[in-house]
Amino acid sequence: MWAFQTPQTIQQPHLPKPFHNPTAISPKPQCCLALRPSTTTRSNGDSNNNNPLIQSLCKQGNLNQALQVLAQEPNPTQHTYELLILSCTRQNSLPQGINLHCHLIHDGSDQDPFLATKLINMYSELDSIDNARKVFDKTRKRTIYIWNALFRALTLAGHGREVLDLYRRMNRLRVPSDRFTYTYVLKACVASEEFVSLLLNGREIHGHILRHGFEGHVHIMTTLLDMYARFGCVLNASRVFDQMPVKNVVSWSAMIACYSKNGKPFEALELFRKMMLENQDLLPNSVTMVSVLQACAALAALEQGKLMHGYILRRGLDSILPVVSALVTVYARCGNLELGHRVFERMEKRDVVSWNSLISSYGIHGFGRKAIQIFKEMIDQGLSPSPISFVSVLGACSHAGLVEEGKVLFESMVRGHKIFPSVEHYACMVDLLGRANRLDEAAKIIDDMRIEPGPKVWGSLLGSCRIHCNVELAERATSRLFELEPTNAGNYVLLADIYAEAKMWNEVKRVKMLLEARGLQKVPGRSCIEIRRKIYSFMSVDEFNPQIEQLHALLLNLSMEMKEKGYVPDTKVVLYDLDPEEKERIVLGHSEKLAVAFGLINSKKGETIRITKNLRLCEDCHSFTKFISKFANREILVRDVNRFHLFQDGVCSCDDYW
């Protein structure tokens, strides 16, 4: 199963003639330095021992001189070789590493399992995975440390499938795993993009861990938890966490991150609260706080975010870049863009992630030109934009309708920054053109793509078709999406929405039958609101809130009064051919309206109402909230899945472009 290409020969000019060694790692012997053992042999202990000198030179960073002395040392010790290997790694010198390896082969030291392990680690650090494999292949006596070293190297290089194949081979040879083995093979499961098959492997490894009694090792179980989290298997991750006999701060942080990154911010904040109450000896670290801030941002929980900011300041975590970048994001996503920018301005050091946070923040608020300005400031200050920088600034252009500006930025990726567009960038461009009703151009971009469009690109096109009711292109997009994402109910619902707006009721019925036949359900709308540091959640069918009857009554009264002021319910989102009154009753029960009513009842007069919605704000809720903001004289901030909407005096900040 092992068939690797030999690495390119690395020429070293002006070097002494090397020794000849047919087993050397490189096919041409001239790649090796002249590290010939001295012809002078030691007799009666009179000859000098050069090992201490070589070791001293390595510690001083004089690798070239150390290698020259090595050529005169007939008996290098294991420790000498170890320090030489480490020096090659530290000086990032692959040519010297290869030639040192030649010397080990020449005197047989390459068969020392300890040194073979060090060589594999060296090649891994020097991004020479082929040579790491060759060391493994040529080592006759393979200890578990050698297996682990190759597992680690391959995992870091993204060769997860190969690690798992080797792991099976190791098990067939009855080599017992240790705690490092399980850590590396679990990480290998998420080291490549073959998520479906590698998740099954991860579950198999979970079984191995339990059968061999490693469930008490906190590091292994935390890695297992993290593996399930990365696959989105929140329930599995939660079970692993609950069954852990011992938990450390890394375990708690991993589970909080699992909830935060998989759409469960409520659970993330609740688990953080539990961690603080039950484990006073465990202090949250920067990783913990980033995940907690992400949960606050997801819920637009401004007061919770301020509490976390205070804790971060008390713990002295405000100097850690990822934490401060997360603070910028949390304030912006809670609607306080000014405070987020103030945090950014106070940063002593900024990396590209910090700039991306600010660019994205202005983008989701609809300030596209400001986002472009910040993007240019970042470049002017000497930072190279990352691929995420372009996703952020292109997204900002999309929200603001800056089509020409977005096209210029997209074209500058390769020409100006040597960044080749990924699926995410193409999806941004399709969204930018589609929202502006330039659907033919959006479709042409997809046709001209040099990579497979994938569900993100087709999903962007479908979303634009929903806005502009383009049935033909919607059918084309969904024909691909149904193949790529057969279990994503949202694609079916969007197509049904488009058919409903086009009054194609037979087609609506057909799509709904497809949903039922495949056992899929529409993702229910959910809206959240923070009142006095407590977060409340509402769904369209919510029978558990003690104020639900009061909320419905308030909404009905408001609706009747606003109709007199010109409000006309928009019921096209109802996918049933019902009478107008029944449709009005359905849209009046949408979760964002319930959240608005709850905010009006329970917040102080003049206080801004902040709401988050897990789906796109529907046209009727958008119109309704504009009327409410003027009728009740309240500022209402709603963040849907796409962007922010600030409703004031009957006007929305998006200018009805969302």
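Glycine is no exception: its Cβ is also placed from the backbone N, Cα and C atoms.
Segment annotation: TrEMBL labels region 'Disordered' over residues 1-21 (candidates 1-21, 22-42). Sequence-distant contacts of the repeat 'PPR' (351-385) (same chain, six or more residues past either end, CB-CB distance under 8 Å): 321-322, 324-326, 328-329, 332-333, 337, 340-341, 344, 392-393, 395-397, 399-402, 405, 409, 417, 419, 639, 642-644, 646, 653-655. Beyond the ends of the repeat 'PPR' (248-282), by six or more residues, the same chain brings 218-219, 221-222, 225-226, 228-229, 232, 234, 237-238, 241, 288, 291-292, 294-296, 298-299, 301, 304, 535, 537, 614 to within a C-beta distance below 8 angstroms of the stretch.
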